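A.B. asks: Right, I'll just put the structure down here and ask away after.
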Amino acid sequence: MDSSSNQNLPRSSLAKELPPVDLFVTTADPELEPPIIPVNTVLSLLALDYPTHKLACYVSDDGCSPHTFYALQEASKFAKFWVPFCKKYDVQVRAPLRYFSDKPAVSMANETSEFKQEWLQMKEKRPKQSHHFKAGAMNVLTRVSGLITNAPFMLNVDCDMIVNNPKVVLHALCILLDSKGEKEVAFAQFPQQFYATLKDDPFGNQMAIFIKYLTAGMAGLQGPFYSGTNCLNRRKVIYGLSPDSMENGNSLSEEELEQKFGDSKEIVKTVAHAFEGKTYLPSDVNISIVVDIATQVASCGYEHGTGWGKQVGWIYGSITEDKLLGLTIHEKGWRSELCTPNPIAFTGIAPGGGPTAMAQQKRWAIGLLEIFFSKHCPLFGTMFHKLTLRQCLAYMWIINYWGLKSIFEVSYACLLSHCIITNSNFLPKDLGMCIAIAFFTVYKIYTISEYLAAGLSFRAWWNNQRMSRIASMNAGFCAFICILLKMLRISDTIFDITKKDVPLTDDVRDDKDAGRFTFDESLVFLPGTTILLLQLSILFMKLLRLHPLSECGVVEIFCSIYLVICYWPFFRGLFEKGKYRIPFSLIYKSIILTCFFVHLCKGTIDG
Ligand SMILES: O=c1ccn([C@@H]2O[C@H](COP(=O)(O)OP(=O)(O)O[C@H]3O[C@H](CO)[C@@H](O)[C@H](O)[C@H]3O)[C@@H](O)[C@H]2O)c(=O)[nH]1
Ligand SMILES: [Mn+2]
């Protein structure tokens with residue numbers, strides 16, 4: 001839905017009828033997510049254009065950091081000045097860091113030992129001890145907010161996603177409160193867009209094309225994926241209600257409620273209230289009693305033997321908890337709606353550098369493969385539940401794009417090298433060759449036209465083409481190995497948090513080095529380095545004619561050269577210095593793998 005016109009937004013005279021909204025922010029690591037980032041996100045949320053007494057903001061910190069805690073306390077004091085200021089002057093971007101971005105950012109995170117002590121004395125999780133990662137954190141926020149405010153709608157954002165359009169909640173409510181939307185639409189999703197981005201998307205993760213074509217296209221099916229942030233959810237849906245039961249209301253008995261939601265009488269009461277649509281006012285709750293109960297139900301032990309993470313709340317079992325939750329909601333027959341107001345609703349930080357970008361891609365690939373190999377596989381959703389066929393195909397598309405296709409890409413890269421070494425073919429020769437070339441050309445022209453039509457540059461297109469090869473063969477392939485290890489019960493998957501750099505200033509962004517690919521010792525770069533070395537050595541052998549002149553086709557040689565061009569950042573990485581260099585440890589491992597592969601191929605000739 002394009003709600004770029006503001007005419008349908010509820011007028012302020014209707015403010016009395018607006019429902020309360022709970023706002024959720026998750027943060028997890030004070031080093032990778034410096035407190036200044038979640039603080040800005042929270043301040044931008046508190047300053048939304050919405051009746052202040054109907055908003056309640058909850059922050060979870062899986063890192064249990066005294067820095068973040070202190071920064072947020074300071075932020076709440078600052079909010080008393082900031083929020084009225086924004087409203088008075090109708091500021092659009094209500095995150096101070098962004099608003100004052102020309103001036104140096106003030107560090108808010110000065111710790112005092114007193115706070116540190118008090119915080120450590122509190123129970124609420126220990127750092128480095130995870131409980132279903134973000135999904136666990138979201139469920140805690142759901143229970144705690146249920147006790148205190150119990151708002152029928154919950155807006156959740158990642159700690160780096162600031163509000164860019166103060167009317168976002170009103171826009172989303174236009175959809176969710178609509179008489180048809182009320183019965184059919186589970187959540188309103190805003191696209192995940194970024195600010196202070198690098199020119200031409202050097203790391204291929206700004207997702208402009210994904211949003212413009214795929215997400216918008218899905219809006220015409222059962223609706224966009226839940227992307228884990230920038231989303232207004234209905235509490236009842238999170239509590240497991242399906243569209244059918246929406247009409248008849250909740251039919252669960254007290255025992256069933258207790259079995260699903262845990263044995264806290266208070267939680268069961270708030271859930272029953274949520275099903276009836278009853279919310280709490282500050283005067284309804286005795287905060288000192290509630291804090292005690294909240295501490296109790298916030299502990300992960302509370303979920304033991306209940307339906308949390310299985311039938312209710314954020315569902316466990318995948319580190320892309322967002323896609324899994326969205327999928328289970330769609331399976332129940334709900335729709336979702338895309339909401340694209342003007343100006344853009346939220347903006348966040350796109351990860352830069354090689355290791356950060358790869359870690360994120362790898363996590364997504366692992367999470368999506370976890371879904372594919374579980375009972376929540378979209379195919380079952382269509383066969384046995386209410387996931388529509390085309391929606392199922394959309395889910396399969398991302399599972400394939402991030403996870404499955406990596407196996408094929410790596411296999412083709414090996415096959416190609418095998419053919420060149422053994423002087424054989426896998427692509428048709430002579431006239432048949434035209435088919436392969438035609439496919440390649442048509443596909444490239446089509447994707448270029450998509451980029452140009454979206455107002456992006458040719459360079460951005462190429463960066464995305466290249467990065468999609470690199471991400472797939474490195475992050476995707478490693479993800480596949482991780483899943484294998486998980487299935488063999490050798491190791492479990494974990495949520496590697498994306499490092500969030502404090503937003504770049506203009507002069508840094510214009511610096512060419514900002515877009516250069518960086519490396520670290522991580523094994524995620526091993527497949528790529530090996531593939532590159534393999535191509536380089538076989539091309540070299542061909543060039544020196546160490547190898548009998550080709551029986552293998554021109555197309556194979558062309559593919560090999562194309563791979564080298566795609567891997568240009570790796571090629572440079574062989575000769576650069578510092579973080580731009582591929583570490584020797586990786587190069588050695590790659591050389592061994594390359595020799596081993598060549599040896600195997602030669603073996604097949606002799607054999
Ligand atoms: O154990 C954890 C791990 C992460 N987080 C929070 O989860 C959010 C997303 O983490 P981030 O490292 O920024 O991951 P991204 O890859 O940038 O996130 C995208 O992908 C995730 C799924 O992999 C979704 O949950 C996110 O909403 C989506 O923006 C952040 O606020 C974190 O603080 C937690 O609360 N607990
Ligand atoms: Mn993020």
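Glycine is no exception: its Cβ is also placed from the backbone N, Cα and C atoms.
Take a look at what TrEMBL says about it:
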- GLU33, ASP62: UDP-alpha-D-glucose binding site (BINDING)
- ASP62: active site (ACT_SITE)
- LYS134, ASP158: Mn(2+) binding site (BINDING)
- ASP322: active site (ACT_SITE)
- 435-458: transmembrane segment (TRANSMEM)
- 470-488: transmembrane segment (TRANSMEM)
- 523-541: transmembrane segment (TRANSMEM)
- 553-570: transmembrane segment (TRANSMEM)
- 582-601: transmembrane segment (TRANSMEM)
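Structural setting of the listed features?
C.D. replies: Annotation for LYS134 (Mn(2+) binding site): same-chain Cβ neighbours under 8 Å, separated by at least 6 residues, are THR26, ALA28, ASP62, GLY228, TRP314, GLU321, PHE495.
Residue environment of ASP322 (active site) contains 24 other Cβ atoms, counted within 10 Å of its Cβ in all protein chains.
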A.B. asks: Distance check, please: Cα of GLU33 (UDP-alpha-D-glucose binding site) against Cα of ASP158 (Mn(2+) binding site), rounded to an integer number of angstrom.
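C.D. replies: The separation of the Cα atoms works out to 10 Å.
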A.B. asks: Could you pull out which residues elsewhere in the chain have a CB under 8 Å from any CB of the transmembrane segment (435-458), counting only those six or more residues past its ends?
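C.D. replies: That would be 200-201, 208-209, 212-213, 427-428, 464-465, 555.
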A.B. asks: Where does LYS134 (Mn(2+) binding site) sit by DSSP, helix, strand or coil?
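C.D. replies: Assignment for LYS134 (Mn(2+) binding site) reads helix.
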A.B. asks: Six or more residues out from either end of the transmembrane segment (582-601), which same-chain residues have a Cβ under 8 Å from its Cβ atoms?
C.D. replies: 414, 417-418, 421-422, 519-521, 523, 525-526, 529-530, 532-534, 537-538, 570, 573-574
A.B. asks: How far is it from ASP158 (Mn(2+) binding site) to ASP322 (active site), counting Cα to Cα, in Å?
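C.D. replies: For ASP158 (Mn(2+) binding site) versus ASP322 (active site), the Cα atoms are 12 Å apart.
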A.B. asks: Validating a neighbour-count step here. Other CB atoms within 10 A of the CB of GLU33 (UDP-alpha-D-glucose binding site): how many?
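C.D. replies: So the number of other Cβ atoms within 10 Å of GLU33 (UDP-alpha-D-glucose binding site) is 25.
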